[in-house]
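J.: Sharing a structure with you now.
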Amino acid sequence: MQLQTTYPNNNYPIIVEHNAFEELSEYIQDYDKVFLIIDEYVDFNFKTKFMPFLESTHIYKIIVPAGEKMKSFEHYQQTLEHLLEYNLTRNTCLVAIGGGATGDFTGFLASSLLRGVDFIQVPTTILAHDSSVGGKVGINSIHGKNLIGAFYRPKAVIYDLNFLATLPYDEILSGYAEVYKHALLTGQVAVDDIEKHFSTKEKLQSLNDIDQFIFKGIKAKLNVIIKDEKEHNMRKYLNLGHTFGHAVEYKTKIPHGHAVMIGIIYQFIVANTLLDTQFDISYYANYLKKLHYPVQIVQQLNFDDMYHYMLTDKKNNGEGIQMVLLEELGKPRVCHVEKTILIKAFNDLQLVLK
């Protein structure tokens, strides 16, 4: 499957298929220098896949740590200075090969290197099907997640589904959260469909039919970002589960998707109070437990820490905490939420996720 953004200018292709990595050569052949920025785990599992590229004298490989620990000022500065040792021109391309963190990090490097060089996203996880599309790049701060960054479009997204074959279950769980999120934002039929396909850990672990849900997720996101690239309005809806989820992730260091799933349960609880919805919280909590999400980790949290991190959320305004809530499946809205409601929801969350 190949999609194309439809901005007024600076558009890029999104190639999603098995063996898509073979397309990379076409996109990097005209650059003076190309740097493959590769997640250490991906390099370990697919080293031979990258060797033919390294036979070219203008293509280099840089191995970076896997996961969020890479997205720090220290790694950013070290990698930036290392790249500058190569006497670069603006006809340079960085290729992010790894999960969402690798793409975020590499894209931010590209946005600031020589005031902007090209970069290409080569996502290798389910989670990165979401983060690789849309041009959000950045690193973390001591004050919170993704607080330093930019909107910077890649020249291409090349998503080779063969990379998913080596994913451990923990990584599958993390990625599934974003796929499930897109279903919640789409509506009841989409949720019923995905829950039927992935009703148990064993079914999710098999990844049978995951391709079709990845396609749907990318198409859904593309429809949003074309209309609201800079997150002024409807793109905020893609942050469903992320206000509380980012706080959980930053505090506990559990994978992004695990935290977002907990954040999704939290927003259901908040919505039932604030919007008088009737979501069956126990049903969704049990679904997470069946898939083996580490939901018990909420017992280790305290509200004051979570509130502190939620205050740093980029959706907030002068009125305080802004959360994406579902009025019903497929119908999101951004709501101001009072602290008293957040406290009650936190207590209810700890009860339902025991």
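Each Cβ is built from the backbone N, Cα and C atoms, and glycine gets one as well.
Okay, these came from Swiss-Prot:
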BINDING   GLY100, ALA101, THR102, GLY103, ASP104, THR124, THR125, LYS136, LYS145, PHE163, LEU164, ALA165, THR166  NAD(+) binding site
BINDING   GLU178, HIS242, HIS256  Zn(2+) binding site
J.: Which one of these binding-site residues, THR102, THR125, THR166, has the sparsest Cβ neighbourhood, judged by other Cβ atoms within 10 angstroms?
T.: THR166
J.: Are there residues of the same chain, six or more positions away from HIS256 (Zn(2+) binding site), whose CB falls under 8 angstroms from its CB, and which are they?
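T.: Set apart from HIS256 (Zn(2+) binding site) by at least 6 residues yet with Cβ under 8 Å, we have GLU68, GLY100, LEU127, SER174, ALA177, GLY245, GLU249.
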J.: Should LEU164 (NAD(+) binding site) be counted as helix, strand, or coil on the basis of DSSP?
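T.: Once the DSSP labels are grouped into three classes, LEU164 (NAD(+) binding site) ends up as helix.
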J.: Excluding near sequence neighbours, so keeping only residues 6 or more apart in the same chain, what lies with its CB under 8 A of LYS145 (NAD(+) binding site)?
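T.: Counting only residues 6 or more apart in sequence, the Cβ neighbours of LYS145 (NAD(+) binding site) under 8 Å are GLU68, HIS246, GLU249, TYR250.
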J.: Compute the centroid of the Cβ atoms of GLU178, HIS242, HIS256, then list the same-chain residues not in that set whose Cβ lies within 8 Å of it, in sequence order, for the Zn(2+) site.
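T.: After dropping the recorded site residues, what remains is LEU127, ASP130, ALA177, LYS181, GLY241, GLY245, GLY257, ALA259, VAL260.
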J.: For THR102 (NAD(+) binding site), just give me the three-state DSSP call.
T.: helix
J.: Of the binding-site residues THR102, ASP104, THR125, LEU164, THR166, which sits closest to GLU178 (Zn(2+) binding site) by Cα distance?
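T.: For GLU178 (Zn(2+) binding site), the closest Cα among THR102, ASP104, THR125, LEU164, THR166 is found at THR125.
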J.: If H, G and I count as helix, E and B as strand, and all else as coil, what does DSSP give for LYS145 (NAD(+) binding site)?
T.: strand
J.: Across all chains shown, how many C-beta atoms besides its own are within 10 angstroms of the C-beta of GLY100 (NAD(+) binding site)?
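T.: Looking across every protein chain shown, the total is 28.
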J.: I'm trying to understand the geometry here, so how far is the Cα atom of HIS242 (Zn(2+) binding site) from the Cα atom of THR125 (NAD(+) binding site), in Å to the nearest whole number?
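T.: A Cα-Cα distance of 19 Å.
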